[in-house]
Amino acid sequence: KGNGMIGNIYSMGLALQALEATRKFYAPRKWDCAQAFSVVAAHDYQQPMAIAQVLPALVGKSYLDVAGLDCTATKDMSPNRQLPLSPVLGTHGIPRAPIQVHYSITNTLQGKHFHYSTTVTVPSGSTLLQVMEVAAEENPQTFSFQTEQTSWGAYVTSIHGLAASTEDRTYWQFLSAGDALEEGEGGPREVWWGSPCPSLTHPSAAGVGTYKPHAGEHIQAIFSTY
(Lines of atoms letter the chains of each structure in order from A and count residues from 1; the text may use other names and numbers.)
(Lines give C-alpha, C1' and ligand atoms only; values in the text may rest on other atoms or scores of the structure.)
Protein backbone atom coordinates (compact mmCIF):
# COMPACT_ATOMS: atom_id res chain seq x y z
CA LYS A 1 0.00 0.00 0.00
CA GLY A 2 1.05 3.60 -0.51
CA ASN A 3 1.37 4.32 3.21
CA GLY A 4 3.96 1.57 3.77
CA MET A 5 1.49 -1.04 4.97
CA ILE A 6 2.13 -4.57 3.69
CA GLY A 7 -1.20 -6.37 3.93
CA ASN A 8 -2.29 -5.20 7.39
CA ILE A 9 -0.57 -4.34 10.65
CA TYR A 10 -0.51 -8.00 11.73
CA SER A 11 1.13 -9.28 8.57
CA MET A 12 3.86 -6.65 8.74
CA GLY A 13 6.20 -8.64 11.00
CA LEU A 14 6.57 -11.68 8.75
CA ALA A 15 6.51 -9.52 5.61
CA LEU A 16 9.40 -7.37 6.87
CA GLN A 17 11.35 -10.49 7.86
CA ALA A 18 10.86 -12.01 4.41
CA LEU A 19 11.85 -8.85 2.58
CA GLU A 20 14.92 -8.36 4.78
CA ALA A 21 16.05 -11.98 4.35
CA THR A 22 15.71 -11.84 0.56
CA ARG A 23 16.79 -8.25 -0.06
CA LYS A 24 19.91 -9.36 -1.97
CA PHE A 25 17.65 -10.70 -4.70
CA TYR A 26 16.32 -7.19 -5.32
CA ALA A 27 19.73 -5.81 -6.44
CA PRO A 28 20.61 -3.47 -8.00
CA ARG A 29 17.40 -1.81 -6.76
CA LYS A 30 17.42 -1.50 -2.98
CA TRP A 31 14.29 -2.13 -0.98
CA ASP A 32 13.50 1.05 0.95
CA CYS A 33 12.02 -0.20 4.22
CA ALA A 34 11.88 3.15 6.04
CA GLN A 35 8.19 3.73 5.33
CA ALA A 36 7.21 0.19 6.31
CA PHE A 37 9.21 0.40 9.54
CA SER A 38 7.59 3.72 10.41
CA VAL A 39 4.19 2.01 10.23
CA VAL A 40 5.34 -0.70 12.65
CA ALA A 41 7.03 1.76 15.01
CA ALA A 42 3.87 3.85 15.26
CA HIS A 43 1.68 0.90 16.29
CA ASP A 44 1.18 -0.18 19.90
CA TYR A 45 1.33 -3.98 19.60
CA GLN A 46 -0.37 -5.91 22.40
CA GLN A 47 -0.51 -9.52 21.21
CA PRO A 48 2.64 -11.55 22.03
CA MET A 49 2.61 -13.34 18.66
CA ALA A 50 2.55 -10.06 16.75
CA ILE A 51 5.39 -8.71 18.88
CA ALA A 52 7.44 -11.89 18.33
CA GLN A 53 7.12 -11.48 14.57
CA VAL A 54 7.99 -7.78 14.51
CA LEU A 55 10.99 -7.75 16.85
CA PRO A 56 13.42 -9.72 14.61
CA ALA A 57 12.68 -7.42 11.68
CA LEU A 58 13.37 -4.34 13.79
CA VAL A 59 16.95 -5.50 14.36
CA GLY A 60 17.48 -6.61 10.77
CA LYS A 61 17.02 -10.31 11.46
CA SER A 62 14.56 -13.06 10.59
CA TYR A 63 13.62 -16.44 12.02
CA LEU A 64 16.13 -17.93 9.55
CA ASP A 65 18.98 -16.38 11.57
CA VAL A 66 18.14 -18.55 14.59
CA ALA A 67 19.98 -21.50 13.02
CA GLY A 68 23.21 -19.51 13.07
CA LEU A 69 23.05 -18.36 16.69
CA ASP A 70 25.80 -19.47 19.08
CA CYS A 71 24.01 -19.79 22.41
CA THR A 72 27.15 -20.99 24.22
CA ALA A 73 28.81 -17.64 23.61
CA THR A 74 26.28 -15.86 25.79
CA LYS A 75 25.79 -18.60 28.39
CA ASP A 76 28.06 -16.93 30.95
CA MET A 77 26.26 -13.63 30.48
CA SER A 78 23.01 -14.94 31.94
CA PRO A 79 22.29 -13.84 35.52
CA ASN A 80 22.87 -16.51 38.17
CA ARG A 81 19.69 -15.63 39.93
CA GLN A 82 16.45 -13.95 39.11
CA LEU A 83 15.93 -10.57 40.76
CA PRO A 84 12.60 -10.00 42.49
CA LEU A 85 10.08 -8.05 40.47
CA SER A 86 9.31 -4.57 41.76
CA PRO A 87 5.68 -3.61 42.16
CA VAL A 88 4.32 -0.87 39.94
CA LEU A 89 4.08 2.17 42.15
CA GLY A 90 0.80 4.02 42.40
CA THR A 91 -1.40 1.35 40.81
CA HIS A 92 -1.64 -1.50 43.30
CA GLY A 93 -5.05 -1.86 44.89
CA ILE A 94 -6.63 1.11 43.10
CA PRO A 95 -10.24 0.21 42.15
CA ARG A 96 -11.23 0.77 38.55
CA ALA A 97 -14.33 2.84 37.89
CA PRO A 98 -17.21 0.90 36.30
CA ILE A 99 -18.19 1.63 32.72
CA GLN A 100 -21.10 0.53 30.56
CA VAL A 101 -20.50 -1.13 27.21
CA HIS A 102 -23.22 -1.89 24.65
CA TYR A 103 -22.87 -5.27 22.98
CA SER A 104 -24.90 -6.81 20.16
CA ILE A 105 -24.78 -9.98 18.08
CA THR A 106 -26.24 -10.23 14.59
CA ASN A 107 -26.76 -12.98 12.04
CA THR A 108 -28.47 -12.27 8.72
CA LEU A 109 -26.36 -14.78 6.82
CA GLN A 110 -27.32 -18.33 7.71
CA GLY A 111 -30.25 -20.27 9.14
CA LYS A 112 -32.60 -18.41 11.43
CA HIS A 113 -31.63 -14.76 11.50
CA PHE A 114 -31.24 -13.02 14.85
CA HIS A 115 -30.21 -9.76 16.47
CA TYR A 116 -29.77 -9.31 20.22
CA SER A 117 -28.44 -6.37 22.20
CA THR A 118 -27.46 -5.83 25.81
CA THR A 119 -25.60 -3.38 28.02
CA VAL A 120 -23.09 -4.68 30.54
CA THR A 121 -21.18 -3.01 33.34
CA VAL A 122 -17.48 -3.84 33.67
CA PRO A 123 -14.45 -2.19 35.33
CA SER A 124 -12.69 0.33 33.11
CA GLY A 125 -9.81 -1.25 31.25
CA SER A 126 -11.67 -4.53 30.78
CA THR A 127 -11.10 -6.39 27.53
CA LEU A 128 -13.76 -7.21 24.98
CA LEU A 129 -13.48 -10.86 26.04
CA GLN A 130 -14.41 -9.85 29.58
CA VAL A 131 -17.39 -7.88 28.26
CA MET A 132 -18.56 -10.97 26.38
CA GLU A 133 -18.11 -13.12 29.49
CA VAL A 134 -20.27 -10.79 31.58
CA ALA A 135 -22.96 -10.75 28.89
CA ALA A 136 -22.90 -14.56 28.78
CA GLU A 137 -23.13 -14.80 32.57
CA GLU A 138 -26.14 -12.48 32.67
CA ASN A 139 -27.94 -14.10 29.73
CA PRO A 140 -26.30 -17.42 28.78
CA GLN A 141 -29.14 -18.54 26.52
CA THR A 142 -28.59 -15.56 24.22
CA PHE A 143 -24.95 -14.46 24.57
CA SER A 144 -23.14 -17.74 25.16
CA PHE A 145 -20.00 -18.16 23.08
CA GLN A 146 -17.09 -20.51 22.57
CA THR A 147 -13.40 -19.89 22.03
CA GLU A 148 -10.34 -21.92 21.18
CA GLN A 149 -6.82 -21.02 22.22
CA THR A 150 -4.44 -20.06 19.44
CA SER A 151 -1.01 -18.50 19.29
CA TRP A 152 -2.84 -15.20 18.80
CA GLY A 153 -4.92 -15.64 21.96
CA ALA A 154 -8.46 -16.82 22.60
CA TYR A 155 -10.22 -17.10 19.24
CA VAL A 156 -14.02 -16.74 19.13
CA THR A 157 -15.41 -19.69 17.19
CA SER A 158 -19.10 -19.55 18.05
CA ILE A 159 -21.71 -17.11 19.39
CA HIS A 160 -25.33 -18.01 20.22
CA GLY A 161 -24.68 -21.52 18.95
CA LEU A 162 -23.66 -20.31 15.48
CA ALA A 163 -20.14 -21.47 14.65
CA ALA A 164 -17.69 -20.08 12.12
CA SER A 165 -16.75 -22.44 9.29
CA THR A 166 -13.76 -22.57 6.97
CA GLU A 167 -15.84 -24.60 4.50
CA ASP A 168 -18.51 -21.91 4.32
CA ARG A 169 -15.88 -19.15 4.71
CA THR A 170 -17.77 -17.63 7.63
CA TYR A 171 -16.49 -15.92 10.78
CA TRP A 172 -17.56 -13.56 13.55
CA GLN A 173 -16.50 -10.01 12.74
CA PHE A 174 -16.23 -7.43 15.53
CA LEU A 175 -17.03 -3.77 14.92
CA SER A 176 -17.40 -0.59 16.96
CA ALA A 177 -20.50 1.34 15.93
CA GLY A 178 -20.04 -0.02 12.40
CA ASP A 179 -16.30 0.66 12.18
CA ALA A 180 -13.52 -1.91 12.27
CA LEU A 181 -11.53 -2.54 15.43
CA GLU A 182 -7.85 -2.79 16.23
CA GLU A 183 -6.14 -4.09 19.36
CA GLY A 184 -5.59 -1.83 22.33
CA GLU A 185 -7.82 0.93 23.61
CA GLY A 186 -11.30 1.53 22.29
CA GLY A 187 -11.95 3.49 19.12
CA PRO A 188 -12.45 2.71 15.42
CA ARG A 189 -9.27 2.07 13.45
CA GLU A 190 -8.26 0.21 10.31
CA VAL A 191 -8.27 -3.52 10.88
CA TRP A 192 -11.17 -5.99 10.75
CA TRP A 193 -11.33 -8.66 13.44
CA GLY A 194 -12.71 -12.11 12.96
CA SER A 195 -10.84 -13.61 10.04
CA PRO A 196 -9.88 -17.27 10.58
CA CYS A 197 -6.40 -16.57 9.24
CA PRO A 198 -4.95 -13.78 11.40
CA SER A 199 -1.36 -13.95 10.19
CA LEU A 200 -2.24 -13.60 6.53
CA THR A 201 -5.39 -11.51 6.40
CA HIS A 202 -6.73 -9.99 9.61
CA PRO A 203 -5.88 -10.23 13.33
CA SER A 204 -8.89 -12.47 13.97
CA ALA A 205 -11.35 -12.79 16.79
CA ALA A 206 -8.34 -13.52 18.96
CA GLY A 207 -8.19 -9.75 19.38
CA VAL A 208 -11.06 -9.88 21.88
CA GLY A 209 -8.46 -10.61 24.54
CA THR A 210 -6.58 -7.34 23.97
CA TYR A 211 -9.16 -4.81 22.76
CA LYS A 212 -10.42 -2.56 25.59
CA PRO A 213 -13.77 -0.87 24.90
CA HIS A 214 -14.35 2.61 26.27
CA ALA A 215 -17.37 3.80 28.22
CA GLY A 216 -20.52 3.90 26.11
CA GLU A 217 -18.96 2.09 23.16
CA HIS A 218 -21.18 -0.17 21.06
CA ILE A 219 -19.43 -3.41 20.14
CA GLN A 220 -21.07 -5.42 17.36
CA ALA A 221 -20.41 -9.09 16.61
CA ILE A 222 -21.64 -9.78 13.08
CA PHE A 223 -21.63 -13.18 11.40
CA SER A 224 -19.86 -12.53 8.10
CA THR A 225 -18.13 -14.11 5.10
CA TYR A 226 -14.60 -13.66 3.79
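One-based numbering along the chain as shown.
Including glycine, each Cβ sits where the backbone N, Cα and C put it.
According to TrEMBL, the protein has these features:
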BINDING   Asn8, Gln53, Tyr155, Val156, Leu181  cyanocob(III)alamin binding site
DOMAIN    125-179  domain 'Transcobalamin-like C-terminal'
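Around the Cβ of Gln53 (cyanocob(III)alamin binding site), 22 further Cβ atoms fall within 10 Å across all displayed protein chains.
Around Asn8 (cyanocob(III)alamin binding site), taking its Cβ as the centre, 19 other Cβ atoms fall within 10 Å, counting all chains.
Note on Tyr155 (cyanocob(III)alamin binding site): other Cβ atoms within 10 Å of its Cβ, all shown chains, come to 23.
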